[in-house]
Each structure stands twice: as C-alpha cells, then as structure tokens.
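Chemist: Pasting in a structure now, in structure tokens, and then I'll have a few things to ask.
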C-alpha cells in the first residue's frame, strides 16, 4: 500500500473513533436549563458550551467577561 493511502486510512479510523467518543460523552451531558447540582456526589456535566451557573444551579450558556 502506498504511504498516502495508509495515511488516509489512519485518518479515517481516527475520525471514526473520535466521533464515537464525542457522541458517547455528549449522551451523558445535560441540556440548557436543566438542574446541575454542584454538591451532588455524582455530578453530571452540562452540554458544551453550557456551564453550571453558580447562582441558579442550572445549565446556562458560558460567557466570558472581558474588562477594558
């Protein structure tokens, strides 16, 4: 097999593995507005790009505050 074909085959296999991992991780996350109790012994993560809000303990969109 030529080197180019081997590289393509490796990239295809790697992308399939990453996709499988991403869908498995995404299946364990909770959506926007769902309760995300920070004190739970088995915490569940909010789906990307959500974060668990400190004041509401629900999944909210992540924000970045930049001070001028």
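Heads up, the Cβ atoms here are built off N, Cα and C, so glycines get one too.
Annotation source Swiss-Prot lists disulfide bond at 29-47, 36-52, 46-59, citing similarity to another entry. The signal peptide annotation in Swiss-Prot covers 1-22 and rests on sequence analysis.
Show me how these features fit into the structure around them.
Modeler: Residue 47 (disulfide bond) counts 15 other C-beta atoms within 10 Å of its own C-beta, drawing on all protein chains shown. Taken residue by residue with DSSP, residue 47 (disulfide bond) is part of neither helix nor strand, so it is coil.
If you draw a 10 Å sphere around the CB of residue 52 (disulfide bond), it holds 19 other CB atoms from the protein chains shown. The DSSP secondary structure for residue 52 (disulfide bond) is strand.
All chains included, 21 other C-beta atoms sit within 10 angstroms of the C-beta of residue 46 (disulfide bond).
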Chemist: In whole Å, how far is residue 29 (disulfide bond) from residue 46 (disulfide bond) when you measure between their Cα atoms?
Modeler: 5
Chemist: Can you tell which of the disulfide-bonded residues (29, 36) has the fewest other C-beta atoms within 10 angstroms of its C-beta?
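Modeler: Checked 29, 36; of these disulfide-bonded residues, fewest Cβ neighbours within 10 Å: 29.
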